[in-house]
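Some features that TrEMBL has for this protein:
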BINDING   H18, E21, H92  Zn(2+) binding site
DOMAIN    58-180  domain 'Succinylglutamate desuccinylase/Aspartoacylase catalytic'
ACT_SITE  E154  active site, proton donor/acceptor
DOMAIN    196-277  domain 'AstE/AspA barrel-sandwich hybrid'
Amino acid sequence: MSVCFPKLSRVAVCGGTHGNELSGVYLVRELQRCAGDGAHVNTLLCDTFVFPSPSGPISDTAPYEMIRSRELNALLGPKGSPKAVDLICDLHNTTADMGLCLIAYSDHDWICLHIFRHLQRQMPDIPMRYIHFDVSNKESYSLDSVGKHGFAIEIGPQPHGVVRSNIYTAMKFGVQHMLDWVRFFNSGTIFEGGFVDVFTMVKHIDYPRDRETRNITAAIHPQLQDRDFSLLQPEDPLFQTFSGETLRYKGKEPLYPFFINECAYYEKSIALSLARKRRVMIPCKGTL
């Protein structure tokens with residue numbers, strides 16, 4: 001089976017959706033500085049700085065984040081319209097030890113899956129996964145959902161508010177290879193089909209908490225910390241209470257943990273997320 005798509009004439013690379021995730025901030029600034037050096041794709045380079053949902057009315061007293069989201073929706077979309085950019089790549093960092101992940105709302109967007117497969121081949125020394133959030137396009141809220149195709153690049157571990165050279169460099173190479181793939185695709189290259197492992201998010205797990213104060217009473221167990229995407233079996237250690245007790249995973253099926261102990265998710269009551277892994281066949285691809 002083969003599929004064909006129109007050329008990707010407008011591509012947006014965005015950094016700073018979360019302003020303390022600095023790899024994307026500095027990479028977009030560097031790409032802006034070097035803009036025009038051999039580029040053959042109409043690439044929009046955006047300093048975004050936070051992006052809540054673009055839907056709904058806006059008041060004169062709306063916060064900056066809401067106003068900025070409307071501006072970005074107008075610049076890159078409008079979401080769901082024929083005028084939307086063809087592809088959005090939104091750059092993020094995580095404090096979790098996740099390597100380089102592509103996060104998308106579709107497990108059958110062949111453009112995104114082929115880009116992921118290309119990055120895997122070009123960067124074999126970087127742990128790389130494709131994460132699927134099973135949410136409809138209408139319900140999706142992130143910046144990459146504004147484009148006709150889109151994904152986030154999430155790379156770590158990196159503490160928020162700092163930039164690590166190795167993490168920045170891996171993100172830079174990932175973006176360069178992504179743009180190379182777009183150029184190959186637009187020039188008529190046919191990409192062979194194959195298989196990709198997709199991690200579909202199933203649920204989140206919160207930290208154990210005191211019933212009255214709601215303060216957390218345990219941390220991620222040392223045997224689980226920094227083991228993102230290592231299969232978690234029922235009865236494996238999950239948390240270690242502050243008094244030293246081991247709390248075990250009580251799920252009925254083995255699942256793959258990710259975003260383990262992510263700093264930004266404490267306020268969201270998420271200690272880690274769990275995913276099922278399955279193999280997806282992608283067809284060979286070319287342009288119309």
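Keep in mind that glycine also has a Cβ here, set from the backbone N, Cα and C atoms.
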Proximal but sequence-remote residues of the same chain as E21 (Zn(2+) binding site) (Cβ under 8 Å, at least 6 apart):
L91, H92, N93, Q158, H160
Counting by DSSP, what is the helix, strand and coil composition of the domain 'AstE/AspA barrel-sandwich hybrid' (196-277)?
3 helix, 34 strand, 45 coil
Quick one, of the recorded positions H18, H92, E154, which Cβ has the fewest other Cβ within 10 Å?
H18
Specify all same-chain residues, apart from the site residues H18, E21, H92, whose Cβ lies within 8 angstroms of the center of the Cβ atoms of the Zn(2+) site, ordered by sequence.
G16, T17, G19, N20, G24, L91, N93, T94, E154, H160, A264
For H18 (Zn(2+) binding site) and E154 (active site, proton donor/acceptor), determine the Cα separation and express it in whole Å.
12
